[in-house]
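Trainee: Pasting a structure below so you can have a look.
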Amino acid sequence: MAASTAETRDSPRTRLLESGYASDDDVDGGRDAREAREERGGAVSRRKTFAARTHSLYLGLELERADEEEECESLDFHDVDSHWARRSRGRFPRGWAKWIVAAVIGVIVGLIAFAIDVAVSALFRGRRALFELCRDRVHLALAVFAHIALGVVTAAFAGLLTVYMSPSAKGSGVHYVMAVLNGVHVPKAFDGLTLVVKSIGTIFAVGSGLMIGPEGPLVHIGAAIAMQFTHGGSFGMAELFRSDEDRSDFISAGVSAGLGAAFGAPIGGVLFSLEEASSFWRESTTQRALFSSTIATFVLSVCRAVMSGSAVKEHTAMKQPGLIALGEFDATYYLVEMPFFGALAGVCGVISGLITKLIVVLSEFAPIRNSHRFAQVVVVTAATLGAFYLAAAAGSCVKTSPDETTKWSEASIRLWCKPGEYADVGSILLANKQDVISWVLGAPANAHAAHALLVAFFVTLFGMVSAANLFVPAGLFMPTILWGGLLGRFTAILVERSLSPLGGEIKCNHHAYALVGSAAALAGTFRATVSVVIILLEGVGKSAFLFPLLTAVACSNFTRRMFGASLYVEQLRQAKIPFLHTKPPKSLDDTLCASDICSRDIVYFRTIEKVGVIEDALANTRHNGFPVCSSKSKRVLGVVLRKQLLVLLSRRAFVENLVHAPRAEDGLADESVLGGRTPDDVVSLRVAEYCKELSRVMRRYHNRGTDDDRHGRRATSSIIAMLGLTDVERERRCDLGVFMQLAPPTTRADASARAAWETFTRLSLRHLPVVADDDRGAVIGVITRIDLIVAAARRPSTHDGDGDDDDDDDGV
C-alpha cells in the first residue's frame, strides 16, 4: 500500500483514477440500462401530489421527489466560491467574449426572424395565388377547398415535426424560458433539435392561416440560440461559459432579441425580458440584452430593406425594424375620451381572463398519443379555416380604396367579390396577420364597418382558442393584438354613435381606440405592464399615447385579477414546473417559520470526511447539496455539491493520496488540512496543480455534454457501485474544506417563512441551510425550491396573485 501511495504522489494525474472511472466521459456514461431498471423497479418513490385545483398559484402542482428522469432539477446561478476555485479561475477576458456572443445572438435572431418573415409571406401569397387561379379558371368551390387543403397540409407538416421530433417546440415556449431563468432545468427545451423544429415549424404553422403568430416562438428561438453558446450547446464554449449564470445572461439577451425583432422594439424587448421572463437581473444583463436586441432589429431592418429593393445608389432606406408594422397613427385624442378608454380596457381584461380560463380548461382534454395529437392538428386546422370562410360569407364586399390598392394590398383579399372590391371580414381572417394588424390599427376611420369588426372579433377569439393547445409552434401575441384592435375600433364606432345625439358630429380617433384595445388585451392575457406600453409606443412612435396606454394597462389588469393567473403562469402550472415568484404568495401561512418548512432529512459532512460516509450518502440520497459542518457544534462552514463529491471519488482525490496522512491519534480534525495553507505550503507543486485541476473539473462536470444529460449526472447507487471503491479506500478521507462553497447564506430557524422565501429567491439560491436560533447555530435543515412550493401549497389562497394586493407581480 505504501508503494501504491508513492506512485500516486509521483504521478497524481494518472494514478488517482485506478479501479474507478477511467475518465469523466465514463462518469457521463454511467446511466446505463441496469440503472434504469433499478430506478423503475427498486427505487422508493416519495411522491407528493397536490391535485386540488384552487386559486393559489402553487396549488394544483404535481411535485415529485421520486427517482425518475422527469423530476425537477434546479440550476446553480452562482459559481462555487472555494479556496481552490479562487486559484483556478482563468484569466481570459470573458467580459469581451460575452459582448461578442451577445452580438452574434442578435445577428442570428435577426436573420432567423427575416427568414420566417419571408417564408410566411411566401406561403400566404402562394395560397392566395392558388385560390385566385382555381376561382378564375375552375370554380369558386374548388378554390375554397384548395385554399383550405393547402393550409391543412402546411399545418400538418408543422405538427408532424413537433409531435414526432420535438414536442418541446409546441406553443410559444415562453413559459420554458421563464422556468430556466427562474432556476429550473427543463430537459430538451433548448437543444439544437428544438431550435430547428421551432424555426421551421413556426414558418409552416403561421403560414397555414391559423390564428397564431411568430412573436412568442421568436422568444423561445432567441433563448435556444443563446443556449447553444453555453455548456452543452452546439457552439459549446465550455471553457468560457460554464456556469448557469452565463446561461441566464445569454438567454435574457436572446429573449430581448427575439421580441425586439418581432415588434421592432429593442427597448420593449429588454423590458419584456426583465418583466416577463427573467426572475433575476443584473446591470450587465441590461446592457448586453439591449445590445443584442438592437443588433437583431438592425439586422432584420437591413435584410428587409435590401429585400424590398429600397437601396438607392449606395444608401439603404431603413423603414421596417420589426415583423409587425403598426402603421402611421394620428396621436390626437380628447380628455373626455379617457373614461371610454378605461371602460374598453376593463372589458378587454374580462375577456382576457375568460379566454385564458377557456384555454386552460381545453388543455385538460389534450390528446396523449402522438397519432391523436397529429390528427388534432389536421382536424382543428380544417375546422378553423372552414369557420373563417363561413364568417367571410357573413361579411360584405367593399369597394377598394386607394389605400387598400397600395398601402394595404396584402391585407385586402377579393375572395368572391367583384374586381375592385374586397371581402371585409374575409380579409381580416384569411390574410397574413402581420399585414392585417397594420391594416386594423392604422387604417382610416371608415375602412371597417361595425358588423364586420364584430364578426371578425368573435371569430378571431374562436381561432385563437382553437389553436392555443395544438402541437405546433404558436404564439398568441398576434391574435391578442388583433382582437384587441378589432374591439377598440368597434368601441370607437359605438362612442361616436352614442355621443352624436348630444349635438354636433363627434369624430373619434379610431387609431387611439384600436391601440388602447390592443394594449389592454395584451396586458390582460399576459399580465404585463411596462413592456406592453413601451413595445406599442416604439411601434407607433407617438409618445402622446403614453397616458392612455398606461390607463388601459391598469384598468385591464384590475379587472383581469378576478380570473386568476396569467396565461404563462397557467402554462407553467400545466407543465408541473415549480416556478417561484420573487415575492412570497398569499397562500404561504404567516405563522410559519423557516424551521416549519425546511427539509429535516439532511445529511451533513465534516470538513475531513471518510470516503465510506460520502459513498453511503451519495448512494442512498438524492440531495444535490450537503452542508459541511464542524464536528463539535454542527455549525455550517460551507456547502458541497453532489457533483463535487462524485469527482473527488472518481479521481481518488483522498487526503492520503495528496498529503501526508495525519497521525492516527489525531482523529478527524475539524480544520481543513489544506484550507489554511498557501500554495507554497502544499506538499508539492504537482499536488497544488492537481487540486486546481480538480476544482476546474468540478465546475465543468455538471455542465458537460448535452444539456439534457443533467438528470443522468447524479451519483445514484449503480454509478457509485461502478466506481469500484475498495474497503481500504472507504477508510480513507476526503478534504471537503478546500472545495466547498465558503460562507453560504443561512437563515435562522425562527425566521418567518416569508423572509426565508425572499432570501431564497432574491439571492437566486439552490440550497438555504436553516440553523438553530441559539448561540451554537447548529444546522437543523435545508430549504430547497420544492420545500417552498410545498409550504405554499398547504393552504388555499383567497386571491391568485403574488405579493400584496397593491403590488401584484403575478404577471411574470
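Backbone N, Cα and C define each Cβ position, glycine as well.
Unlike curated records, TrEMBL annotations are generated automatically.
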Trainee: Of the residue ranges 176-195, 476-495, 636-655, which one carries the transmembrane segment annotation in TrEMBL?
Mentor: 476-495
Trainee: Which residues of the chain, 6 or more past the ends of the transmembrane segment (250-274), have a CB below 8 A from one of its CBs?
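Mentor: Sequence-remote neighbours of the transmembrane segment (250-274) are 98, 101-102, 105-106, 109-110, 113, 177, 180-181, 214-215, 218-227, 229-230, 241, 281, 285-286, 288-297, 300-301, 320-325, 477, 528, 530-531, 534-539.
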Trainee: Please identify the stretch among 140-164, 340-362, 374-394 with the greatest number of Cβ pairs below 8 Å relative to the transmembrane segment (476-495).
Mentor: 340-362
Trainee: Take the domain 'CBS' (740-801) and count its residues per DSSP category (helix H/G/I, strand E/B, coil), listing them in that order.
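Mentor: For that range the per-state counts are 18 helix, 15 strand, 29 coil.
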